[in-house]
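Student: So TrEMBL lists the following for this protein:
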type	residues	note
DOMAIN	110-247	domain 'Peptidase S54 rhomboid'
TRANSMEM	16-33	transmembrane segment
TRANSMEM	45-65	transmembrane segment
TRANSMEM	112-136	transmembrane segment
TRANSMEM	174-193	transmembrane segment
TRANSMEM	205-223	transmembrane segment
TRANSMEM	229-247	transmembrane segment
TRANSMEM	277-299	transmembrane segment
Amino acid sequence: MPRRGETQEFRPFRRWFPFLVPLFVAANIALFVRTMYVNDCPAHAAAAAAAIGGSVGGAAGAAAAHGCMLEPDLGRYAFQPYKENPLVGPTSATLLEMGALETGKVARDHEWWRLITCIWLHAGVIHILANMLSLLMIGIRLEKEFGFLRIGTLYVISGVGGSLLSALFMVSNISVGASGALFGLLGSMLSELITNWTIYENKCAALLTLVMIIVINLAVGILPHVDNFAHIGGFVSGFFLGFVLLMRPQFGYINQKNSRLGVHSGTPKSKYKIYQIVLLVIALVILICGFITGFVLLMQGFDASQQCSWCHYLSCVPTSQWDCNKAPSNYCLSSQLGDQLNLTCQSTGKTETYVISSPSNPEAVKHLCLGLCS
């Protein structure tokens, strides 16, 4: 009991100490450091340079002669050239090696684990900073309110939901990042507000603020090179998961449960409202059906972008300032005759012929392609 003159704050729900979200942040950072270690830009650039003898066109060796960013300071952790990766990070080949999402590897090679591993990888320093700051701001608040088990489950399943929708629509691209899982947390905040509507004050103000934040974040996804399908898939997954995992008991039930022994508080109150149970059942059915359908379509190699002529606008809207070319930016068509290698960048259409001393050296070919496309 509080002393005379003191007040005691009433907390109807348990408050949790947030440790899982900071652990997730540490895991993401550790994996990014490991990715840069595997990337080893200086060593790969040196191997490519050693294999390149020159170019028939005369501009050639310069195409692959990009220097690694901050190489004197970071050594093997140096970043790829800015023209190759403006997010300041590794190559797409390294990300694929570490577990990035590519539809072909999931559907044809049955590497289903990529739907989870891609959530923990990031394309660069800018990418991981933006995502981890968002995760700390949103995730810690939710973990304090609902505990590590519910928020951890929600984060991972939402991330997989984002990966699944991305794999169905972004067939020719690779995808990494925690954005799908983060949008899942945003979606769960909205459904949590709806299902626990009767226990909130200032409901409309909270709802309008949350909807505005969600709309702004989804609108950013229409910029080029942003995988908005992962955002949408994560948001929808998290929205329905919120009805299942974040349902609160009613205050009347809690007050009755915590009343003094022998003091009767009238008719027994139900723990949950009927509408909460109805929303839970509907959400659970939609989640199970949605995930099963998504996995079956992905297993069959279904390309959703070919079936929906307008859906690509959900991920990128072309303007006078940018286009939405979906061709992979660093992919080349190649042909070889002796020590002469002819490369054509798929995204730009540029063609160049090179003379290489080691025709079978994949690192040399990869760096030449990256230089040509840049």
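A Cβ is built for glycine as well, from the same backbone N, Cα and C atoms used for every other residue.
TrEMBL labels come from automatic prediction, so no person has curated them.
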Student: Do you know the DSSP helix, strand and coil residue counts for the domain 'Peptidase S54 rhomboid' (110-247)?
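Tutor: Each residue of the domain 'Peptidase S54 rhomboid' (110-247) counted once, the result is 107 helix, 2 strand, 29 coil.
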Student: Go through 174-193, 229-247, 277-299 and flag the stretch with the largest number of C-beta pairs under 8 Å relative to the transmembrane segment (205-223).
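Tutor: That would be 174-193.
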Student: Which range out of 174-193, 229-247, 277-299 gives the transmembrane segment (112-136) the most CB pairs under 8 Å?
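Tutor: Comparing 174-193, 229-247, 277-299: 174-193 has the most Cβ pairs near the transmembrane segment (112-136).
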